[in-house]
Amino acid sequence: MHNNNTAWIAPVRKSGVTFFTLGFLVFIGMLFSNQYKLTEQTLKPAINNSTHLQLIQPHLNGLMNETVTNKISFINDIRHTFSRYNDTVYQRYHISTTNIDALLTQVNTMGYYDLAMLTTTFNSQDDYSTYKIKKLTDYTSWLAGQQGKTLAEISEVINEKSSEINAHVLAEKSIDNYAVGQYIYALVKSSSSGVVSKHTALFFIFSVLLATIGALMYIIPEKFSAPAGIKNDNIFKNSATNGGLICMLAMTFLVLVYIALYFFPEYIIEWVSLVDPLFKALNGQGASPWSIYGFIYTLAIIVMGIRMFIKYRHSNYHIVRTGSIIFFQSCFAFLLPEILIKLNQPSTDLKNMWPLDYDFFDAWNLDSLSSSGDIGMFMLVWGITLFVIGVPLFTYLFGKRWYCSWVCGCGGLAETAGDPYRHLSNKSVNAWRIERVVIHSVLVLCIIMTGAALYTYFTGIKTILGIDTYSLRSAYGFFIGALFSGIVGTGFYPKLGNRVWCRFGCPLAAYIGLIQRYKSRFRITTNGSQCISCGNCSTYCEMGIDVRAYAQRGEDIVRASCVGCGVCSSVCPRGVLKLENGSTTAVIDHNMKDETMNIVQILSVEEQKSMMG
Amino acid sequence: MSKLVIIGNGIAGVTVARHVRKRSDIEIMIISAETEHFFSRTALMYIFMGHMTYEHTKPYEDCFWQKNRIDLKQDYVDEINTETKVLTLASGEKIDYSQLVMATGSQSNKFGWPGQDLPGVQTLFNYQDLLLMEENSKHAKHAVIVGGGLIGVEMAEMLISRGIEVTFLVREERFWGNILPDDEAKLVQQHAEIHGVHFKFSTELNTITAGNNGRVNAITTSTGEELACDFVGLSVGVHPSITLAAKSNMAVGRGILVNDFLETNIADVYAVGDCAEIEVVEGRNRIEPLWYTGKMQGETLARTITGDKTKYDRGIWFNSAKFFDVEYQTYGFVANEPIDGIDSFYWQHPKENICVRITYQTDTQVVTGVNTFGIRMRHNIWQHWLSHHCTLKYVLQNLRTANFDPELFRHYEKNIITAFNKQYPSNKLTLSPLQWLTKRFTKEQTNAQ
């Protein structure tokens, strides 16, 4: 069809798809390759709390030294062991009425209370009896001996103290959920062995590398298939981009991955070992589940960033901002934090900031930064300066885009890997209403949560108005940090568009948006009355802004949510839209601007003279 | 209570409805048989190519109409009784009106070619045509497009997106020759050829023939050539839809005749948009089948209907289009052939599809128009320059202010000035310095009011 020979393109792209699919299948398949054997040696390093180790070890006896190939049943067994332990811990450690009766029988016989009676009552050497004897000794030793107390008095005291002791059993003897999660992951990790960790390089090549090469073989030939320009053909006819079947499959996969990452990282242990050597080299310690996530995340931004370079090769704006995204993700979000770990410094992503980085003001982070010398102090000051001074200043000058589509990691993924889904965002007025309520609520929640945490940090008082500040923080982390930003925010890309989190949830976006809306030079200028209302701009707006609604009445666009990606301007077939930073107020009074006639201005005499010159 | 009825829900009719609603409380009804809701006709090609779905082409959400109390009726109007002010619909329903707006749009031309109504032969104007094209292109391998204009190049782009070979018959010796000068036509032609279009210039359609299955299988041309094809797109312009108006006592010529206030010969009946033929004292009556003019006429008429009688004055002419990847804008008047007393300065990028032509009066040097390909220009700046009779020298020196390309794009104003100085060595023009804060964003230069 074309003058140049393009026959090679289709087969190369097809092989690319095959390679990608193969690599992806190997990547998924390796999750079922490990085997697990719990031994004394694997148990000890996994449970680093010696008390917990002592407590749980006897219960794990049934699982020891057996090789299991079924990951799910192995993890379930361990999880059950922990939950059974926690469920029965009270039963085993509390001082029962039988115990008390036995004790009181002896008291009745002797006429007084004596500590020696405890050894007789709890006539065994196990941990439970030892615990009960110790506790009763601590609580009742003052009662022992012939003090002339009546039997009724003694009975009352023993009953009273027993219930006091019982009230503390759970706190002292159960293992909290957070620790259980850590132990399960650590146990699965230390007890597992398999082909992936033995042949890491091989598996890396045939999964990640193969899929990357496949993706590039699909992406790069696009450059030679047609002249540069807007390439949106068949987007709404392909089920991989129109919200159809392939989108649903992709969404299911992403959601499952996020659930595993946040709540069940032990299921992706093979993926962690896949990048373990790489991270050992980078940070000196090795990989965690978040390492493989960060690695794939960065890789996705780079590969799909290359796709952006090619898709928008006619537009310097997209080329430069995609380059910026790739730079900030790979250097600031990926490499720098690992290098900081290696240097034994607090690891931090210097381009991230509160309130998106909601744990910045957590006690552990503040302690860690303030105890790390000059560099820690720098990070603390930098982190605060960035959102107190940096955000208002840069947003005034350049609009929200300086962060959201040029720097931010979440935005970076959305602009690259999420680009094929940008048109799926909902453009209705109702969606806009929901967006405004939800995103600003998250900002308010984040401020309250952070304020409470800081209050506790500086005063040491753990509750405000009867609410535990730590529970506020952990609720925020669960509902906003994990469910919203991860599972919904990214997992739902293929259904709700690529900016779900940025549009509905990100508290930083809400904050920057307020400045953009009320005090910024940034606007999208509408070119006179050139709009033909075709709808490309609105369709391809990832933030669900109905751009056309403004453009068709000649109104400039100033919206809190606009991240300045510039795609509306690119897809406009009449060149109607231009992102720019102006120094005058944008035209946003649509009562004045919904007239396309008579936009001729009156000239001053000097101007007329100079024109005729 | 008075009731405004608008026949046709294209851009002209809908603009009348919207602007009347902004200014008045009267009852408004739009009648159209094409689609239930207003959609953007200009976006039909993007539905076909899968850039958008039909839903995306609706400029207003479905709830908009009820919210603004604009009644929609999907039906044909069979009869208009202008005496009793009653419409009869195809369904038999009768609707009375106090004011009537004809916004019936236009229809595609067909010039009586043998075989022009065969299956597989079609025009592209309305939503039904789009559905037909979807059907007709399903098994098509080779298409012939007749007529070298905007709809034709859109059809070519649509078909090529489905991998269908396109041969383009153009009556003139260059593409869109009645509008574009030679250089620009060449540029578009070469770009379209890179996308796979085969042009046959100075060639007209003779006959269309059918195969055994009754569908089109070939055409013959005025040059005696026979071309095998399974799709024929006719895009030889449009003419106003006047059948209904003509049988309802309205004065018609090529379109529905209206005066400068868009009034027909019958009281309380108006016509806007493609279907209106504006009578002028001297020269040929004007028919303006454009999105922009439909919109401006609609706005003007809405004023008149709501009591603020306003003359339609479209101001400085402008238009724009996109040919595959190349954007085109024009402001003012640029003739397709040289005219006495008008000179033109033309600059073209040596490799890219970028060019600018500025025409100006030879004696006064006052700029009369601009064609720009591959560089977006600011509408209000050009409107300003043209309406204030700026000279070529001023325009060239300040060309930078008119640039509307996205940020970080390469600018060519220096190249343009250099080329001009080379062509006219007596001139030593220099670009005026960037006046970011004082000029570009001061009130006069933005469209702030």
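Cβ coordinates come from backbone N, Cα and C, glycine included.
TrEMBL labels come from automatic prediction, so no person has curated them.
The model shown is predicted, which means the values in this text are computed figures rather than measured ones.
Features of the protein shown, as given by TrEMBL:
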- A:522-550: domain '4Fe-4S ferredoxin-type' (DOMAIN)
- A:553-582: domain '4Fe-4S ferredoxin-type' (DOMAIN)
- A:12-32: transmembrane segment (TRANSMEM)
- A:201-220: transmembrane segment (TRANSMEM)
- A:241-264: transmembrane segment (TRANSMEM)
- A:290-310: transmembrane segment (TRANSMEM)
- A:322-341: transmembrane segment (TRANSMEM)
- A:375-398: transmembrane segment (TRANSMEM)
- A:437-458: transmembrane segment (TRANSMEM)
- A:470-493: transmembrane segment (TRANSMEM)
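If you look at the transmembrane segment (A:241-264) against the transmembrane segment (A:437-458), you find fewer than three C-beta pairs under 8 angstroms, all six or more positions apart, and that falls short of contact. In terms of DSSP secondary structure, the domain '4Fe-4S ferredoxin-type' (A:522-550) contains 8 helix, 5 strand, 16 coil. Of the ranges A:290-310, A:322-341, A:437-458, the one with the most Cβ pairs under 8 Å to the transmembrane segment (A:201-220) is A:290-310. Tertiary neighbourhood of the domain '4Fe-4S ferredoxin-type' (A:522-550): same-chain residues 232, 395, 398-401, 414, 418, 422-423, 425-427, 429, 431-432, 435, 497-499, 502-503, 516, 556-559, 561-565, 567-569, 571-582, 586-588, 590, 596, 599, selected by CB-CB distance under 8 Å and a gap of 6+ residues from either end. Cβ atoms under 8 Å from those of the transmembrane segment (A:322-341) belong to residues 279, 282-285, 294-295, 297-298, 301-302, 305, 308-309, 312, 347-352, 405-409, 411-412, 415-416 of the same chain, restricted to positions at least 6 beyond its ends.
Taking DSSP states H, G and I as helix and E and B as strand, the domain '4Fe-4S ferredoxin-type' (A:553-582) has 5 helix, 6 strand, 19 coil.
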